[in-house]
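Trainee: A single structure is presented below for examination.
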């Protein structure tokens, strides 16, 4: 068993020189070496600072309705102009960003929770549980997503759901409809992990199933979960904005990037006042490009097998 | 192979039942129906009830589900209330407008993605590759409606290069060549956006698959025996890189016939997606339900097609 001894001696020699890298450190180093990913990260940090801290420094107020200042083009006082109620577009855009980012992240969080749990259960127990869960996943995968979301959005409007609590429903709906991809990936991983030796060890230790799944199996799938989750945040933000644009997502008075763009439905605003709808659109574009760049960087960093 | 296809088709039945239940349940949650959505204040309550009875809207939900599902088994998707025609006829009328958009976008996106994918793999890490990578990410992250609006604003309204929307100029009774060029002008922008949306991920796919193949031994052999670089890349590498991509063709099926809902809405393209969005706001249940099921079936058939194509393209893969 010389192969077992070798790394230990080697370790002793190198230990003085530098500490052994943990997988996370290696991943971090790989991530920072990827220029596009770092640019994406900077972009998303910028968006967060803009949306969450920006409004604090704004001299304007969302309730500053003034007909005198309505529909102003961008100027030194209103950097991005004003809307038909005389409200500052920049401030609205930053507040809308809070909502859009929040919906994107929370919806993904919900999807990850459901997907990871169901995927792990299916992979761990196999047999009938696996069949049932994966059959349900098949059904969800074949559901046409956008139409269903639009119909559900219409249902929310018809049930007269309060506009301020509407975003919570939206998060849940988008989350619940997006769990399948992750469930499949996690299940696949668990299927192979289940057969490895450390699982025999947990068996020998007499651990309960819950502990085996959540303490020993799922932590090993975290790289996959992180990458999929990151990429699906972008998807969730795009979905939310499309729904809000169509008037069935986040509805006014709550601002969101999507419903700000629906100002473009008015032909005059669309033609003559591009400052009403172009800035929020650019925000969506920048955010989703940034998230996709980060997601790709994370994939390269965390999953060396797929490295080109 | 035949056995495999039959088994897969049988497996679709429970999935379709599940889908139909979910879709029906969601639509049953909608308060109000076609009669209330039309909101005619002159209509008396009795008249409304009469109409509901005619349309079968007065029965409890579970009964309506069985009636609807039973009819669908016989190939009867019901009548669209809004169009006063069978749902299948409505689908057949408008789906081809969507198909025109879909097929061109499919052709262009595959063509562009193949070329850029091959070259960015061939010159990996070059300047060209980096630019392509960045463009790919931008394409993958495009909010379709926003890009559509931007293009309409700048290219159609401001520069007047293209018509603003629709499929042909209204009132134009041209036929033949004039009609053709008219439609061509109208379809340019929507097809361009649709192409952009799908080119991103496709390019990435081709690039990765090409990179994998280029590292194989037989490519080195091909080079070693003195073949031209062009032959090596396009004949030996490209053909093999295409195999996994063929699977993607199956997944394109729902996109071809399903219509690009949001884009059709923005460009006022008279496609099936546009009609579908209207049907949701009109609470035209039979059409809403029928078309959603149609979409789900397309997805399922598309998945099957993808697997079968994979088996045909790569004999090493045995479908069981």
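Cβ coordinates are placed from backbone N, Cα and C, and glycine is handled just like the others.
Bear in mind that TrEMBL entries carry predicted annotations, made automatically and left uncurated.
The shown structure was predicted, so the numbers you read here are calculated from the model rather than taken from an experiment.
Straight out of TrEMBL:
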- B:95-306: domain 'ABC transmembrane type-1' (DOMAIN)
- B:12-30: transmembrane segment (TRANSMEM)
- B:94-119: transmembrane segment (TRANSMEM)
- B:131-152: transmembrane segment (TRANSMEM)
- B:187-206: transmembrane segment (TRANSMEM)
- B:245-267: transmembrane segment (TRANSMEM)
- B:287-310: transmembrane segment (TRANSMEM)
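If you look at the structure here, what lies around each of the features I listed?
Mentor: Sequence-distant contacts of the transmembrane segment (B:12-30), counting only residues of its own chain at least 6 positions beyond either end whose CB sits under 8 Å from a CB of the stretch, comprise 61, 64-65, 68-69, 72, 283, 285, 288-289, 292-293, 296-297, 300, 304.
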Trainee: Is the transmembrane segment (B:94-119) in contact with the transmembrane segment (B:187-206), using three or more Cβ pairs under 8 angstroms as the rule and ignoring pairs under 6 apart in sequence?
Mentor: yes
Trainee: Looking at the stretches B:94-119, B:131-152, B:245-267, which one shares the most CB pairs under 8 Å with the transmembrane segment (B:287-310)?
Mentor: B:245-267
